[in-house]
Every structure is written in C-alpha cells, then in structure tokens.
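J.: Residues or ranges marked as compositional bias 'Polar residues' in Swiss-Prot: 480-505. The feature domain 'Ferric oxidoreductase' is assigned by Swiss-Prot to 101-219. What Swiss-Prot lists as domain 'FAD-binding FR-type' is 250-388. The region 'Disordered' annotation in Swiss-Prot covers 480-507. According to Swiss-Prot, the feature transmembrane segment maps to 21-41, 70-90, 101-118, 142-162, 177-197, 204-224, 230-250.
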Amino acid sequence: MKESPLITLVKRHSETHFANIKYGYYVLIISLVYLIGLALLRAFGRRTPSRSSSAFKNKIIYRLYDIDPAIHLGILFFAVLVPFYYHYSLTTQSTVYLKRLGRLSYALIPLNLFLTLRPNWFLRKNCTYTDFIPFHKWFSRIITVIGLLHGIFFIIKWAIDDNVSLKQKLILKTFNFVGFIISILVLFLLICSIGPMRRYNYRLFYIVHNLVNVAFILLTPIHSRPGVKFPFLLLNCTLLFIHIINRIVFAKSLMILNKNANYSKTNLVHVRLPRAILPDYFEPGSHIRISPYRRINPLYWLLPSHPYTIASLAEDNSIDLIIKETSTAEPGSQIESLRSNPKSFHLDQEKNYTLINSYPPSVPEECYSQGTNIAIICGGSGISFALPLFRHFFNKENVKYLKMIWLIKNYSEYELVLDYLKTNGLTFEKKLSNNKRISVFISGEYTAETRLDEITTNIDDENSEYEMGSFNNEDEDLSISNFNSENADSNDNTPETSHSPTKENGSLIEVKSKHSFTLSNELKSFNNESAQVNQNETWLFSCGPPSLLQLSKKYCNDERINFSVRLTDYEGKRKE
C-alpha cells in the first residue's frame with residue numbers, strides 16, 4: 001500500500017500577529033476614562049487657590065484644573081504606557097512593539113478629534129474648545145511622532161536584516177508602501193509645524209495639518225495589519241463628520257455694517273456687525289469665528305477662520321468688535337499697506353463673510369453669578385474682552401468693588417474706544433460709585449497727536465496663536481516695562497498727567513500718562529476687599545500679551561485670588 005505524502009499546514013500569521021488588538025482596545029478605554037475624569041474635574045474640581053494651602057499645592061491644583069498639557073499628558077500617557085511592554089520579548093519579538101507604536105498612535109486619534117469639537121456638547125457646560133488648544137497642540141505632536149517612529153523603526157529593522165529585501169518589504173508590498181507614504185506625509189507635517197515655519201506661513205501649515213490628518217485617518221486602515229476599521233476608523237470618521245456638520249449647520253452669511261478706523265494714528269479699529277447673527281443671549285467675553293469664504297468654496301475648508309472677541313453684551317443693538325489689524329506699514333502709508341499686505345486679514349465693508357459660530361468664553365459660570373469683588377486688567381486689543389465684563393458687573397447691584405485697568409501705547413487707542421462708547425450711548429454715571437472705576441495707562445505721550453511707531457511682526461495669519469499657541473501678536477510689544485516711568489516714552493516738555501477727560505464718564509474713567517505702573521499698588525482696595533468676602537466672590541481677569549498675563553498670574557497666586565487669563569491675539573487681530 002502506497003503511503004500518502006505528508007502535508008504540512010503553515011499558519012498564515014505568526015502567533016504574535018494579533019498581539020496588539022487588545023492593547024488598542026485598552027487605549028480606547030483609557031481615552032474614555034480620561035474624558036469622564038475630565039468632565040468630573042471641571043464639574044466638581046476646585047480651581048480656587050486655597051488661602052490655607054501652600055503656593056506650590058495651589059499651583060498644581062490650578063494647572064490640573066486648567067488642563068495643563070504637561071500634567072494631563074503625563075497622566076494620560078502613564079496610563080497607556082503601563083502595559084505597553086508586556087509578555088513579549090523586546091529582543092526576539094520586537095516586531096510586536098513596533099506594531100504597537102503604530103496602533104497606539106491611531107487609537108489616540110478619537111480622543112484628539114473629540115476634544116477639538118466646536119461646540120463640544122459633552123463638555124460644553126464646563127469647558128470650551130479654547131481650553132484644549134495647548135493640550136491639542138502637544139497631543140497632536142506626540143501622536144504624529146509615535147506614528148513616525150513606528151515607520152522609521154521598521155525601515156531600520158528591514159535595512160539591517162540580511163535575510164530581508166528592503167525594496168520588497170517597503171515598496172513592493174502595497175500595505176507597507178501605503179505606510180511609507182503616511183510616514184512621508186507625517187514628516188512633512190512635523191517640519192511645517194516647527195515654530196519658525198508655522199509663523200512664516202501659517203496657511204501652509206494649516207492646509208498641510210488638515211490634509212495630512214485626513215490622509216492619516218483614511219490610509220492607516222489600508223496599511224494596518226491586523227485591521228483597525230472597527231472601532232477606530234468608524235469612530236474617527238464619525239467625529240470628522242461631526243466636525244464638518246458643525247461648520248455647516250451653525251454657519252451664517254455676514255455683512256459688515258460699519259468700520260471705524262484711523263490708520264494714521266493706530267491700528268486699533270472698531271467693526272460693527274448685525275445683531276441678528278447671534279442668538280438672543282451670549283456670555284460676556286464670548287467670541288465668534290469668521291471666514292472670508294462661503295461654505296461651498298473649498299478654501300472655506302482648507303484655510304483657517306479668524307476668531308474675534310465680542311465687545312458687546314447680549315442686550316446691545318449690534319455686535320461690536322474692537323480689534324487690532326496687522327500692519328507692516330511705513331509711516332504715512334498705513335491704509336495702502338494694510339489693504340495690500342498678503343500676510344494679514346482685515347474685515348472690510350465691501351466684502352461678504354461667513355460667520356462659522358459663536359463660542360462662550362473660558363470663564364467659570366460661578367464667576368458671573370457669585371462675583372462681587374472684581375478686577376480686570378487688559379492691554380491693547382484686550383479691551384474687547386475686558387469691556388463687556390466690566391459692563392456686566394457694573395450693572396449688578398451686589399458688586400462691592402469693580403476696577404478695570406487698561407494699558408495702551410498711545411492716546412489714539414483710547415479715543416477709538418471712547419468713540420465706541422459715545423456711538424452706542426454707553427454711559428455709567430447713573431450707577432456710579434466710588435468702588436467702580438476705569439484706569440487707563442498710556443506708555444507714550446498724552447496727546448491726541450501722538451503717533452505710534454508700530455512694532456509689528458510679519459505674521460502669516462491672524463489665527464496661528466489661537467490654533468497652535470505660538471505667542472506672536474500685535475500687542476506683544478506692549479510690555480509691562482513700558483509702563484515704568486523710567487522706560488516710558490519720554491518728553492521733557494510733557495509732564496506726568498492724570499485726567500478724566502470725558503463729560504459723560506468723567507468721574508469713572510481716569511487716564512494716566514507716564515505714570516509708573518505697579519499692579520499691587522493699583523489693586524490695594526481690591527485686595528483689601530478680597531479679605532472681607534467669600535473667596536468665590538473675588539476674581540481677577542487679565543487679557544493681554546504674555547508679560548501682562550504672567551504678572552497677573554503671579555499676583556493672583558501670591559494673594560490666593562481666583563483668576564482667568566487670555567492672550568490678546570485671541571481678541572481679534574488674530575494671526576487666537
């Protein structure tokens with residue numbers, strides 16, 4: 001009898017082929033747990049600096065509440081990396097860990113997409129999307145670096161293995177070649193995201209950022225073995241779809257009603273929009289995002305929109321913006337340069353725009369309802385955030401102390417805001433008291449003819465800081481050092497002045513020129529009042545360049561005072 005030949009069956013996949021599937025699910029579960037923890041933190045967490053705790057403990061508590069990237073990313077990646085090295089040998093089964101890097105990068109994308117939703121209905125009550133901008137910036141970079149390392153390590157592994165053809169592995173195998181293309185795209189994105197490159201041409205970065213993200217989401221399932229179509233591709237595509245729907249459903253056509261500008265003296269301008277573009281109620285300090293393109297235009301989706309803080313209150317008859325326009329002009333040619341400068345964005349009456357949506361400020365709800373001892377300090381275009389807050393608290397009967405400090409470079413900026421108040425019939429005299437006041441500090445000469453030699457940055461887009469957190473803005477040269485008497489612009493014939501130059505609000509607004517500025521001196525009454533009221537009733541708001549925000553944060557940490565800060569380029573001259 002003839003024996004039948006021996007048939008040997010070879011497994012299509014090695015025993016480690018499916019080793020990372022459970023790890024991908026684990027990362028997804030950690031992402032969900034992080035979101036739940038974040039929602040609980042913002043709903044029940046304490047951001048108030050305790051007067052009985054140490055300054056270090058208060059700082060950690062605030063950074064945790066404020067979604068500081070260093071702390072939150074540290075917690076998140078500690079959780080996802082704890083089981084990263086498990087069971088398999090790093091020397092003999094290194095492929096498992098190289099594949100695990102790739103799955104980790106893709107499994108983290110749903111969390112990143114979810115946190116950047118505008119609006120985010122799950123976290124809307126206690127968070128705004130602006131709270132996540134620093135986190136998103138660093139989280140995105142880490143995800144792309146992990147994905148890039150996955151590709152680089154595989155190329156190195158194949159290159160040093162004499163038993164493997166690099167060409168056959170990398171080029172001839174379709175799914176590996178797709179991965180190689182993804183790596184090239186990710187590398188290009190990382191190059192474009194480097195600070196100098198991003199600031200030089202933010203629009204290029206923004207286009208590359210969006211296109212590479214979409215390519216990464218759609219091409220990775222073709223490359224991945226085993227597949228990631230469910231649940232990761234499904235989740236990512238669903239979240240992308242929600243992003244698209246948000247930019248369609250909430251968008252409205254927009255026309256500029258009026259624009260008040262005097263480029264020969266200042267690049268601070270007042271823009272008026274129709275009241276009907278916003279809902280009946282919006283919080284003081286809210287902002288809008290505007291695109292110069294219609295929704296059917298591909299550039300609406302490819303290029304960034306521009307955020308502007310609303311200087312009005314919900315009860316006003318119009319929506320007003322007080323913004324700084326980027327200028328690279330030489331003296332005497334402001335208008336021409338502003339209009340022709342390709343690296344700037346300006347709102348003009350003769351053009352149509354699209355309002356993408358309105359967004360609440362990153363201000364806790366209890367501040368509006370419980371605040372009775374309020375200080376607001378702002379610089380330059382930060383007045384657009386400070387003024388509606390001042391008006392809101394000014395109209396409240398239970399407010400015991402209210403002071404707004406505005407630091408500017410020349411008197412023309414004050415004139416423009418004064419004109420805005422007059423045009424809208426905004427006077428404060430009927431409810432005026434000794435504990436409610438506005439102080440305006442001018443670093444230059446106190447004269448209506450003073451002309452500011454603007455120090456500007458060649459900015460590609462008014463949006464770059466707001467999107468990615470690079471600190472370049474029109475108010476950055478408004479340094480606190482300019483308000484020290486020895487550093488202020490000096491003129492031997494111009495004495496220090498302190499005036500209340502308006503008839504309507506003369507006893508409310510005090511304008512000071514060439515006075516040295518010390519925050520602790522200006523807020524003595526505020527600090528004294530804070531010791532007599534509940535800690536939740538005392539708040540300091542600050543909006544301006546980084547030097548001003550750092551000064552405000554230090555003051556609040558030292559005095560154990562609640563604070564909310566915002567960078568000026570959020571305000572509108574946005575390159576936020």
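Every residue gets a Cβ built from N, Cα and C, even glycine.
Computed from a predicted structure; not experimentally measured.
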J.: Short question: which residues 6 or more past the ends of the transmembrane segment (142-162) have a Cβ under 8 Å from it?
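T.: Those are 73, 77, 94-95, 98-99, 101-102, 104-106, 108-109, 112, 169-170, 176, 179-180, 182-183, 186-187, 189-190, 216, in sequence order.
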J.: Checking distant contacts: for the transmembrane segment (70-90), what same-chain residues at least six beyond its ends satisfy Cβ-Cβ under 8 A?
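T.: Same-chain residues near the transmembrane segment (70-90) but 6 or more away: 16, 19, 23, 26-27, 30, 33-34, 60, 63-64, 96-97, 100, 104, 108, 135, 138-139, 142.
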J.: Report the mean pLDDT of the predicted model across the domain 'Ferric oxidoreductase' (101-219), rounded to a whole number.
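T.: Mean model confidence (pLDDT) across the domain 'Ferric oxidoreductase' (101-219) is 94.
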J.: Could you count the residues of the domain 'Ferric oxidoreductase' (101-219) that DSSP puts in helix, in strand and in coil?
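T.: DSSP classes over the domain 'Ferric oxidoreductase' (101-219) add up to 96 helix, 0 strand, 23 coil.
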